[in-house]
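Heads up: the structure comes next, in structure tokens.
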Ligand code: HEM
Ligand SMILES: [Cu+2]
Ligand SMILES: [Cu+2]
């Protein structure tokens, strides 16, 4: 483990020919690497691997739910699928995918050579495959079936080995996420290039500061809860087991103390990505830089004091329900600021409707629905009705899928040229978007109504009156499944056959676009120069010739400003 | 746009019927939120769709848009409006919640976590000492109807995967719940194994039912009818089958039902296989197993 900060050494090799940059060999991506770019891609590919597994499990669940009877899979197995789907999607897909972009982008965006602790970074990544494989292995002797929340006493009585494996793997994955977070904070705070003050840092870095803070504060509490749960499970203690005088509600508080912030851990990185993507493709500065940056911090702080809104109908006394209602309502304000600022960023711009941009707009329009239903859920009297129903399932998929996953695809399309040096195929990207957007809404929109009407969640068998809408959801989920094919084909095709990207195909201003695509091993050939703010679009409205070199542009800008 | 929001807020048709006054109030709250949400939805989606058409980049145009980096008055407006909205929503929700009895300090005698008897005799669990008055867990009596009316008390016990209702006044024990219309009903609830949740969708009320603790719900039905009772907390494989019926009856019908059941229980001693005190879970569940899809294996596992 490296404990010294490796400062950006001012080595400037003579500018080599375009194609002779030293590049990583393919096998380095399969081994222990300390290069943040390799690690970022390792995270991303691993996350996608688990996404396909988690998605396949969801398709089995949706197939089961196309009829009211538990005929396709046994209810017990359904609960295993449910638990594994939730756990995989959160801990092996969205959280690692956020870390992927953080790893890849932070050092490039702040003009550093690597992360503050490169070896620790490698270790953090290499905890994920064992954690994931461990979790998967539980399928062989009874996967956990108490839901991703794993509330005792149910989690103590439904399959010991699966539950213990679940706990261990979450502990491993949680530790990995903490190590990553330490690295992000240190890197962002200490390794920015000399002229970049904190207010000229790209917004993605702000959002990763907020995310990392939450990870560092929340994860230990989850760890503690799971270790105690594990004692109850194996050693027969009774911290949470009412059969021995324990209190299951304390587990819920500890669990949600992490897991509410965790939903922001899962969305904030993509808020950051959206703030990067919109200005580039709208050719306009981000609207309200400081407002967006500070609302990330506000969300992060408020996110720590809203956890019991998941427990409004649990063992929570009335006055506490009112307190958490108030804090939850307030969190809508910074979130609203962001959404409005993003809309204002697009307004009056010159929009290129490419895959990255339309996924970003898809993000805005779906996340909006998740946010509006979120404010409704903050209202205790209403939440009491819909808690633990399909309304909630709809709400959190609008946030996690409509928000995080759409944001993630936008980010993949936006930074693919940087990561690989090749452009993606736009037609396939747009087909991917249309199918995803339609499939997503058909799958999850009707679930709001199901929940309001009386369909509870986490069930393998349901009342026949709900069959029609469930059928609709299932059809939607098949469209979603199909939508991944254009994506996969696109990625593989573009990797080999895509048009060469050049350093800055989007004519973007953040620093990662000032180096080669893919970037050279230590990121920049020479000290990068901060010649414009990250979002200074339109300041120099003259048309910029695509072939012009960054150096020429630089010279032009410096001479103009003198 | 305002008109559409107002109309949709009232006519979304998303909620099932409301069978109590409280439910009506929750619906009004929901309609109010739905109105605001529809308005905001149309506004934001409208801006997005309009922009996609209006501000599309012309082919060959490589210039940038106007360098607008912010607009302080505008930002103040869109910070202030949501703030005011959530403030109003909070006050309104607080009001409704209070009227539903959510802040009734005497609602329950939750004595905090208790040692749970390690047996399958549910009656012992229900008989927790509730003399210590503590903060309510759940909904109590609504402040308006506090004086005068004495609520009908029913003890509720949730076990995998059934509900057991005990009427202390008459000693009736049943797997279905019958209540008279227009009289407050107070449920004192606990669970025998894992956490369940007692949900009455037509009454818009729900409360977790927790082993070793007592939680409460008070409601007053205002419509005669039959309504589903649903478990809304994952409690095991057949969680989806854990449901029963609530019958709201007229005073007379209800009295008749109580009488029939008291009589039946006295006569047969064992009652209609409805008395879990003398039956194990397995025997108790057998009659229901068919409807719930519980197979023989599951039942066998329950055998002590
Ligand atoms: C392929 C599209 C997806 C489909 C069809 C799908 C479907 C489902 C279904 C049917 C459930 C069960 C709901 C219940 O009974 O409570 C569920 C639960 C869940 N899903 Fe998804 N989902 C999808 C994608 C995602 C994504 C992308 C995420 C996260 C990033 C996610 C996170 C979750 C979580 C956390 C749960 C809760 C698990 C639990 O209750 O323990 N899902 N999903
Ligand atoms: Cu939360
Ligand atoms: Cu249940």
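Cβ atoms here come from the backbone N, Cα and C positions, even for glycine.
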(message) I'm validating the feature mapping. Which of A:8-28, A:428-448 is tagged transmembrane segment in TrEMBL?
(response) A:428-448
(message) Using a cut-off of under 8 Å between C-beta atoms, tell me which stretch among A:43-61, A:203-235, A:291-310, A:356-378 contacts the transmembrane segment (A:165-191) the most.
(response) A:203-235
(message) Under 8 Å between C-beta atoms and at least six residues away from its ends: which parts of the chain pack against the transmembrane segment (A:203-235)?
(response) 98, 101-102, 105-106, 109-110, 150, 152, 155-156, 160, 163-164, 167, 170-171, 174-175, 177-178, 180-182, 184-185, 188-189, 241, 246, 251, 254-255, 257-259, 261-262, 264-265, 268-269, 271-273, 275-276, 286, 289, 292-293, 296-297, 299-300, 303-304, 534
(request) May I ask whether the transmembrane segment (A:356-378) has at least three C-beta pairs under 8 Å with the transmembrane segment (A:81-102), counting pairs 6 or more apart in sequence? (result) no
(message) Can you work out which residues elsewhere in the same chain, 6+ from the ends of the transmembrane segment (A:428-448), have a Cβ less than 8 Å from its Cβ atoms?
(response) 62, 354-355, 358-359, 362, 366, 373, 390-391, 393-395, 397-398, 401-402, 406, 409, 413, 469, 472-473, 475-484, 486-487, 489-490, 493
(request) Give residue numbers and ranges for long-range contacts of the transmembrane segment (A:123-145): same chain, 6 or more residues beyond its ends, CB-CB under 8 A. (result) 1, 32, 39, 42-43, 46, 50, 53, 76, 79-80, 82-84, 87-88, 91-92, 96, 99, 103, 155, 158-159, 161-163, 165-166, 168-170, 172-173, 175-177, 179-180, 183
(message) Which sequence-distant residues neighbour the transmembrane segment (A:255-279)? Criterion: at least 6 residues beyond either end, Cβ under 8 Å.
(response) 90, 94-95, 98-99, 101-102, 149-151, 177, 202-208, 210-211, 214-215, 217-219, 221-222, 225, 285-286, 292, 296, 299-300, 303-304, 306-311, 338, 342, 345-346, 356-357, 360, 363-364, 367, 396, 399-400, 403-404, 407-408, 410-411, 414, 510, 534-535, 537
(request) Can you check how the pLDDT averages out over the domain 'Cytochrome oxidase subunit I profile' (A:20-531)? (result) 93
